[in-house]
Every structure is written in C-alpha cells, then in structure tokens.
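Undergrad: Grabbed the feature section from TrEMBL, which reads as follows:
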SIGNAL    1-20  signal peptide
BINDING   Ser100, Arg140, Ser145, Asp178  Ca(2+) binding site
ACT_SITE  His135  active site, proton acceptor
ACT_SITE  Ser137  active site, nucleophile
Amino acid sequence: MIKKHLLALLVLFIGANVYAQTYTREQVKKSLKEDPSFTIHQDNYLITGIPTNTAIKSNTADIKYQISFKQLISRDPLFWDSYLYLTYTQKAFWNIYEFSSPFQEINFNPTIGLSKVFYDDTNHAKGVASLMLNHESNGRDSTASRSWNRLSAKYATALTAKTTVSLEVWAPFGYQEDNPDLLEYVGLGELRVAHEFIPNRLSFETALRKGLNLEWKGAVRTRLYYNPFKSNNQYIMLEWYAGQAESLIAYEKFTSMVRLGFVIKTNELDFLKPKPE
C-alpha cells in the first residue's frame, strides 16, 4: 500500500512538472517581435562578503558587482531560424573596506552570438541552443594583463517545470601569452542547474567548472535567491564561491567567499517555464 501511494505521488510530481506546457512557437516569436530588444543578460548584482578560508580583514572582505545586458540585433529569424545578438558583462571586485577603497580587479566580457529555440512535437519550447564568440580580459597591460577568447556552444532546457539545466562548452584561443595555464583552472565548459522552490519568490542555482588537471582545480558557485519585493525580478541573493578563477588577475588562487546583496535577476530562460494562465 505504501509503495502504491509513493508511486502515485511520483507520477503526480512527474506529470505536474514534465508535462506542464511551456511557451508555444508563436508566443516565442511574438515575444521576440514585441519585447524590448535591450534587456538583462546575466544577473545584475551588488553583493558584499567575507572569506571563509582565511582571516577576515579589510583587505579580504570586499564588494563584488556585475552589470550585464543584451541587445537583440535581429527581430526576424535568420538562417536555421536563429537570432543574432550582442552581450556585454562587466564584473568588478572592489576592496571598499580598505583605505582609499581601491578596485582590485575589473573583468570585461563582450560577446556576439546566435541562438535558436527548439520545440517539441506540440510546438512548445523545449530548449535553446547558442553559438557564441567571447572575449574576456581585465584591461591591464604588462605582467598584470589577463585575457582569453573562446568559441562556445551552449544548450539550456527544462528538466521539470521548476528546474532548468544548461551546459556550455568552449574552444579557447588567444590565451597562451597572458595566462598559458588558464585551462587548468577554467576547464572546457560549465554546467548550471537552477531550481525554483516558490515561483518568483525563492530559488537556487549552482554552477560547476572543472579544470583540465588531475587535481581538484575548478569552481563551485551556489546562489540562493529570495524575493521580498513586489517586482518579479528583484531579489536578495546569497552567494558562495569556492574555487579558482573567480577573477582573471588571480585565476590560479583558491578563494572561498560568502557574499550577500541585491540582484536584478535574469529572465532569459523564462520561456522554458510553464506559461501563465
């Protein structure tokens, strides 16, 4: 009897999640036509925090912030029903608690990309694939210069109505002069998993990278989002970053930082969620 009840609950859970209908082909095209072409790309945030693996001092606590936006170039589909876009992401590490509050590092990441939405047999969105050309650097010269380029492919899909997963793999180039061992720390890809516990209220995301090495070099970044506001995209975010390559200047250094602050959350993958009634 217990097994039957558990099986019924499992079927109910899977049915409620897997078969919830996402946006249709026409709804996606309408959104691309009518929604603003200039939007948020990745999360935009300002968070502050402390290390967990070293002494807490004015030069180890910091503020980290990121601005990230996206410009859709083609509202009408191009070849293979794809869309062209530009993105720009800037991430900064600010030693605000030190005397004179210097910036430790700023990383710049412009991108040009093509995206294509895939649909199931009922014409509901099931995933999106992207092909991107990225440049990332810290804008410095001489021995402090850090930069790399990569051609990357990414696919994002919904596992359930509340869970999305994305996998990005890249072919790096132009990194050997400034940082020849960079791949030992950033690897050849990144896996992200996000889950909504309460829609537009409480959610979780984790991102994983594994460096090209036989040791544990890479990174795990986890984020917990809570929305106490009336707006659907403004959250309080708790982030824990553990690993290497959080910034380019010290990509080989292991850091473990816990930070808390305000975020305007990206909604790029919302069309993979069940459409509102």
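Placement of Cβ uses the backbone N, Cα and C atoms for every residue, glycine included.
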Undergrad: Find, for the listed binding-site residues Ser100, Ser145, the residue with the lowest Cβ contact count at a 10 Å cut-off, counting only other Cβ atoms.
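TA: Least crowded of the binding-site residues Ser100, Ser145, by Cβ count within 10 Å, is Ser100.
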Undergrad: Roughly how many Å lie between the Cα atoms of the residue listed as 'active site, proton acceptor' and Asp178 (Ca(2+) binding site), rounded to a whole value?
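TA: Here the two Cα atoms lie 13 Å apart.
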Undergrad: For Ser145 (Ca(2+) binding site) and the residue listed as 'active site, nucleophile', determine the Cα separation and express it in whole Å.
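TA: Between the alpha carbons of Ser145 (Ca(2+) binding site) and the residue listed as 'active site, nucleophile' there are 8 Å.
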Undergrad: Give the sequence-ordered list of residues that share a chain with Asp178 (Ca(2+) binding site), lie 6 or more positions from it, and have CB atoms under 8 Å from its CB.
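TA: Expected: Ser145, Arg146, Ser147, Trp148.
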